[in-house]
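Novice: What follows is a structure written as structure tokens; I'll ask about it next.
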Amino acid sequence: MAENPSLENHRIKSFKNKGRDVETMRRHRNEVTVELRKNKRDEHLLKKRNVPQEESLEDSDVDADFKAQNVTLEAILQNATSDNPVVQLSAVQAARKLLSSDRNPPIDDLIKSGILPILVKCLERDDNPSLQFEAAWALTNIASGTSAQTQAVVQSNAVPLFLRLLRSPHQNVCEQAVWALGNIIGDGPQCRDYVISLGVVKPLLSFISPSIPITFLRNVTWVIVNLCRNKDPPPPMETVQEILPALCVLIYHTDINILVDTVWALSYLTDGGNEQIQMVIDSGVVPFLVPLLSHQEVKVQTAALRAVGNIVTGTDEQTQVVLNCDVLSHFPNLLSHPKEKINKEAVWFLSNITAGNQQQVQAVIDAGLIPMIIHQLAKGDFGTQKEAAWAISNLTISGRKDQVEYLVQQNVIPPFCNLLSVKDSQVVQVVLDGLKNILIMAGDEASTIAEIIEECGGLEKIEVLQQHENEDIYKLAFEIIDQYFSGDDIDEDPCLIPEATQGGTYNFDPTANLQTKEFNF
């Protein structure tokens, strides 16, 4: 933490008209990253998954097969309650095939037909594992639909039976039950906590062993991810404590799908507040997480960057745990990565380091990352520029004079000022805050900073912002103009007033108060 917390907070508040404090500076992923998060979930981590056809039949072939047999929902419903096990299995299988169609499976039609209680009843048939398997598959695909469709499965009292099937001696039945539970848990925190309350965690984790087939382990890991999802509310602390040792084992796995899901699970846990961050740290997984930032697979890097990024939204002490793992050595490559979204996440991470204490700010400087942040400020796409603006502005609050001076020497002001003309009010305010902090920190050298701002076109932009609709912005712009660009400096500085000679003429000293771009605050 800062050497004198009360002094540090006073300094922050004196610099920031908005009273931006450490909590504000350290930013969790918020609405500006919704698109990024959704893209990742769509690409890697679907909350719910439909089980496709086992056979290689096209949908049209399946439909034609049903039509040829004149199979109707009424017939399926009637035959699914038959006393003839062959007829019953065939009917449940027909329902499953309908639900496994890639194109618009008729989930609502089947729910309305009243088949759910029949399928749930089939889960009880320990004497007929094939029937249990087909019924579980059909219910899995119903639960892969909308929230209302998932709720229909839950309300049919299927969950206790799926949990019971986790102890089935037939592996395909176990695996199908795991898949079904994953879809139900993935519906949201209410379903997640309901399934947890019925005791899903221990039997689920018991499947993690060297002998488990890789496809089964992938499903188990995916369900663990869903257990870690959602932070409103986050999963129960006892559940997190149970899951973390399993994640510490799975992070060594050589299968990329399992590794990616494991790291995403950790990223969800670290997104749940400082208490959960501490639990992840205490598990000892961080030293194994950090090296994944340089993994050859981009999807592993992406997940790892999010996980460590969430950790550094915590306290200075929690942030230091990550820094102690030599995390900054991975950032030159991340900041120059061909994928823009990696650049953006990397700069977001660093913005939370520059929101830390002065030693942490110095670590970013010593790692040679400031010029790379400034490059992203100037050349990155807008989302990355926005994160870079936060990184710079945070440094102007947290940093010492010499650290802010270094920032200016790296020519931060021109690209910083360029962002004053964007439409995003938050970015404009962050930049104005940063510029004002630099001017305050410069003290007697403020006129040099003002000159740089004017030469790069920043003054003109600040003048325009005095007419901004946002009250905070126009007040801040006015204050900067009034204090540093008021035009009456000559009246205030006697050194600039020429001395009168005996002949009544004035003698100007050409060396008086000449400003240079080389300066020390």
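Each residue, glycine too, has its Cβ placed from N, Cα and C.
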Novice: Which candidate in Ser6, Ser60, Ser100 appears in Swiss-Prot with the annotation phosphoserine?
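Specialist: Matching Ser6, Ser60, Ser100 against Swiss-Prot annotations yields Ser60.
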Novice: So which of Ser14, Ser56, Ser398 shows up as phosphoserine in Swiss-Prot?
Specialist: Ser56
Novice: Pick from Tyr406, Tyr474, Tyr484: which one does Swiss-Prot list as phosphotyrosine?
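Specialist: Tyr484, according to Swiss-Prot.
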Novice: Specify the count of other C-beta atoms within 10 Å of the C-beta of Tyr484 (phosphotyrosine).
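Specialist: Within a 10 Å radius of the Cβ of Tyr484 (phosphotyrosine) lie 21 other Cβ atoms.
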Novice: Near the repeat 'ARM 9' (401-443), which same-chain residues lie under 8 Å Cβ to Cβ, leaving out any that are not at least 6 residues past its ends?
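Specialist: Distal contacts: 15-18, 20, 358, 361-362, 365, 370-371, 374, 377-378, 382, 385-386, 389-390, 392-393, 395, 449-450, 452-453, 456-458, 461-462, 464-465, 468, 470, 472-473, 476-477, 479-480, 483-484, 519-521.
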Novice: Mind looking up the mean pLDDT for the repeat 'ARM 7' (319-360) in the predicted model?
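Specialist: Across the repeat 'ARM 7' (319-360), the average pLDDT comes out at 98.
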